[in-house]
Amino acid sequence: MIWLTWRQHRKQAFYTLLGLAALAALLVPIGLAMRNTFGDLGLTDCASQLARADVAQATRETCETGYRRFGDRYDSLNLVAVLLITLPALVGLFWGAPLVAREVEQGTHRFVWTQGVGRTRWALVKFGLVGAGVLVLATVYGLGMSWWVDPLTKAAYEGRLGMIVFDLQGIVPIGYTLFAVALGVFAGTVWKRMLPAMGITLAGYIGVRAAVELLARPRYQPARTQTFSIEGEGPPEVSRGDWVLAQGIRNPDGTVISEGGRIQCPPGGKGPDGRVCGAELGLEPGAYNWQLYQPADRFWLFQGIETGIFVALALLLLYIAVRRLRRIA
Amino acid sequence: MIEFVLDSRSKVNTYMQLVQQVKQALRVGLLSPGDQLPKVRDVAQSLAINPNTVLKAYRELEIEGLVGGRPGVGTFVQRTLAGASLPNQAELREDLVAWLHRAQAAGLTAEDVVALVETTLRATLADDAPQKEPA
Amino acid sequence: MDVVLEADRLGKRYGSTWALRDCSLHLPAGRIAALVGPNGAGKSTLLHLAVGLLKPDAGVVRVFGRSPYGDTEGLADIGFVAQDTPLYRDFTAAELVIAGGKLNKRWDAALARQRLAQLGIPPDRPVGKLSGGQRAQVALALALAKQPRLLLLDEPVASLDPLARREFLQSLMGSVADSGTTVLLSSHLLADLERVCDYLIVLNSAQVQLTGAVDDLVAEHRQLVGPRHDGGTIGGVAAVVRASHTDRQSTLLVRTDGPVTDPGWTVREVSLEDVVLAYLADGTTQTSHSEWGVPA
């Protein structure tokens with residue numbers, strides 16, 4: 001059974017590794033260049049410096065400028081990062097969907113299931129081996145991406161919890177990839193043809209990922225709120241690395257004056273003409289900036305929760321798939 | 001060793017065709033006592049027929065005492081059908097040829113001749129040959 | 001008499017349609033049985049039930065006394081070649097022999113290799129690039145390498161040209177003669193199997209129309225020709241399978257339970273094909289009449 005699985009998928013495995021190698025050949029030089037620039041701009045220590053409460057104004061300005069220059073140069077790579085997110089889906093499409101669908105489409109399930117190996121064992125060995133291979137693949141991908149995306153992450157305000165970079169690194173790619181493969185397998189047991197199974201896998205993957213990302217992820221832990229004064233010196237203070245879910249300006253009674261924005265007034269809260277800062281917006285004295293956010297140090301917790309969700313979904317789908325197999329003839 | 005041939009258009013049973021071919025071979029002297037019949041497996045394979053059919057034909061021949069099976073070796077001819085009739089055949093054939101010329105002279109076509117022979121054969125031999133064996 | 005395969009009121013449903021219904025039959029050991037019926041009659045369904053690919057929705061099917069669905073051990077005794085002889089097309093014949101060895105406890109790889117060598121099948125070409133006849137031979141060799149006691153073949157010759165068809169049946173008969181395996185093979189054409197089978201199961205419209213040893217079936221059916229028949233009983237006739245009438249004359253295909261002595265009838269022997277066609281025609285018109293909602 002192991003021999004059979006290897007013989008059936010060795011070509012596919014070869015091309016997958018080839019693809020991975022090509023990807024590495026493309027991304028490693030970019031990653032190295034990014035790191036060099038990052039160092040040259042003096043950004044290496046910025047993260048730890050900015051995290052300190054007593055950070056000097058000058059350091060802050062240098063770092064912000066450096067981040068901006070880094071961003072100007074490499075922001076376009078965020079597009080590449082978006083493309084990289086699709087890789088787990090591709091694995092599901094080309095490894096998961098054909099696993100059962102191709103057998104049934106070509107009728108070979110009637111050959112292999114009528115030998116001396118029951119179809120449940122066939123499924124467990126096959127899903128197990130392909131799953132293990134995919135696990136290794138996803139781990140390598142996750143680690144590689146963590147390394148590659150690190151400078152981009154640091155330069156971005158949202159940090160590692162940001163929408164796209166969170167999905168690229170750490171352990172979540174393992175969950176996504178396993179889920180995509182399981183979804184492909186499951187789709188194959190329902191539609192039993194390769195192309196429909198692949199189409200359904202793609203649609204299902206995008207749907208579930210979007211739903212989890214938009215609806216579930218912000219609620220993994222109760223979000224924190226933070227308020228800070230609208231008066232201050234220099235550029236507005238930002239909380240680097242936190243994932244800001246909502247922000248706005250509120251009056252002392254709590255009513256939201258402006259959603260999605262924040263203001264920074266000179267100390268004293270008076271405009272040049274002597275009016276109270278922001279009066280034209282309807283701000284009353286004592287108004288404050290407000291934000292709802294997930295703090296940066298929840299990164300690994302969130303990674304764990306999200307991975308757990310997708311691994312659980314994958315196991316559920318595989319369980320249903322094995323049950324469905326018993327009814328295919 | 002003889003080789004069996006099947007007439008796919010014939011209405012005669014496959015096993016009967018095999019029996020008849022062996023008898024025919026015995027009658028004309030192609031097979032004589034001691035000769036081996038083709039192995040069941042080989043007949044089944046070369047004619048693409050059920051081995052049970054071949055077995056049935058051989059069993060029929062065995063019951064008639066024409067052949068005998070030796071377990072693990074094969075089936076062998078025990079008795080011949082040529083017997084006394086074989087030497088007489090040449091003379092009978094000459095008579096038949098002469099008769100055919102007369103029939104031709106009388107205006108009978110080949111089909112007329114066959115029809116005449118068949119009806120006469122049936123009428124004459126019906127009483128003394130309960131098992132009909134078209135030659 | 002050992003029974004290899006038996007079904008009792010066996011049924012399989014897809015949605016609300018019965019693919020096989022009230023199917024009761026038994027197949028004695030050592031037979032080569034033909035499973036005949038038009039396309040869609042339920043032949044594949046019956047074979048899939050027998051090899052455990054499908055689970056019955058009604059009744060039971062037993063192979064060597066065991067229920068085949070989910071019975072992995074029982075599979076060792078059953079060789080199965082599915083319709084269109086599906087094989088991994090990118091595998092070579094030699095690799096398929098290895099695969100079979102990995103998938104089965106009892107596996108005669110030497111036998112398979114010898115058979116394939118005799119047939120001149122190249123061992124190192126992907127089977128997807130072989131001819132249909134060669135592929136069917138590979139599938140048969142693989143099924144036989146299991147040394148099964150029952151061999152099930154689903155339309156093995158339907159897609160083959162006449163020469164390949166003959167070669168396939170030749171090698172099948174040769175190996176059956178060697179092994180004594182019981183065989184059940186399906187076809188929508190009786191002519192393909194008439195010479196090889198000695199047992200017959202006729203399926204039509206999801207139901208068994210006729211089953212029995214070929215010799216018995218031929219012996220107990222007769223064609224009667226006589227004056228127009230009004231449906232009364234005829235001595236020696238158990239059932240009228242099919243009747244056609246002109247205004248004066250009736251032609252009946254009947255199942256007899258004794259000699260038909262009524263001098264009004266001319267009695268003729270029938271061929272196996274006559275019998276099968278009579279039973280198939282019977283089923284078709286009945287179904288069609290009920291489906292169209294008109295009286296038969």
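Going from the start of the chain as shown, residues are counted 1 onward.
Here the Cβ of each residue, glycine as well, is placed from N, Cα and C on the backbone.
As recorded in TrEMBL:
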TRANSMEM  A:12-34  transmembrane segment
TRANSMEM  A:79-101  transmembrane segment
TRANSMEM  A:122-148  transmembrane segment
TRANSMEM  A:168-187  transmembrane segment
TRANSMEM  A:194-212  transmembrane segment
TRANSMEM  A:299-322  transmembrane segment
In the same chain, which residue numbers or ranges, 6 or more beyond the ends of the transmembrane segment (A:79-101), come under 8 angstroms Cβ to Cβ?
12, 16, 30, 109, 126-127, 130, 134, 137-138, 141, 145, 149, 152, 164-165, 167-168, 173, 176-177, 179-185, 187-189, 191-194, 196-198, 201-202, 205-206, 321, 325, 328
Which sequence-distant residues neighbour the transmembrane segment (A:122-148)? Criterion: at least 6 residues beyond either end, Cβ under 8 Å.
1-2, 5-6, 9, 13, 16, 20, 24, 27-28, 30-31, 34, 84, 87-88, 91, 95-96, 99, 112-113, 168-174, 176-178, 181, 185, 318, 321-322, 325
With a Cβ cut-off under 8 Å, give me the same-chain residues at least six positions beyond the ends of the transmembrane segment (A:12-34) that come close to it.
74, 77, 80, 91, 94-95, 133, 137, 140-141, 144, 147-148, 151-152
